[in-house]
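Straight from TrEMBL, the features:
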type	residues	note
DOMAIN	48-151	domain 'Ig-like'
DOMAIN	160-246	domain 'Ig-like'
TRANSMEM	261-279	transmembrane segment
Amino acid sequence: MTRLLETLQVHFNIVNFISVNLKLIPASDCILCSRTSVTSCDVNSLRPVCAGQSCQHQAVVALVGEAVVLPCHLEPAADAFDLVVEWTRPDLDSDLVHVWRDGKELVDFQGRTSLFRLKLGDASLQISGVKLSDAGTYRCLVPAHQDSRVELIVGSVSDPSVAVVSDHDAELVLECRSGGWFPEPELLWLDAEGKLLSAGPTETVRGSDDLYTVSSRVTVDKRHSSRYTCRVQQTSINHYRDTNILVADVSPSCFTLNSCVMLLVVLSVSVIVIWYLVWKQQ
């Protein structure tokens, strides 16, 4: 009976220890390896790990036209020069993107992909001249060494332009416009202190190239010199572009066109009169 009680006590302590130290892990933090049915998560780092091989899943953001490196590292590090390295993308008709063994490349990536540090155990793929169509999930496979996935998020940004579209009495109407964005951005107007201004609705147009153009107008008081900012931002790729405008710079020095014309006439007549008087004295 004593041994039975001791055994029950030990089991109770184990259960109690587990219940105290168990941490809840979101399902999104556990990634199932495609090549094994064993999935586990490190409760300390909350990084997905797989028995027998790496199953890392990362996200990389790149802008159109840039070069980007999709990471893939052998763990532990080993010379991969004589190994087979396959980069694939399942959503493509031919899922092969780059194969090291015989240097084959997918036509869409012809001349734009390279592996450059294989001897150091780095099988990362570099893609140059990134296009919107490059977005997707890539898989790096080094048989018996590495099996990881990288999501490439591609964005496109451009600087907004600001112009004065209306000048009435004490008010100016400013318009901000920016094209060539992807994914769809949002447009904000800010005052000199960075506070959000109340502006008109943002007009969004998606072109045949899938790029977005946004525009918006805001009415400001031109009687006080101030700086206003048009900000176009894309939170999912963590990029934004600002364009500032000073009301003092855009406010005309003459209040009306008639006043400007009259001033020019007076100045011209004055110059002619002075020239005539000087000529008469000679």
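Heads up, the Cβ atoms here are built off N, Cα and C, so glycines get one too.
Caution: TrEMBL annotation is automatic and unverified by curators.
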DSSP helix/strand/coil residue counts for the domain 'Ig-like' (160-246): 0 helix, 56 strand, 31 coil
Within the domain 'Ig-like' (48-151), residues counted as helix, strand or coil by DSSP: 9 helix, 47 strand, 48 coil
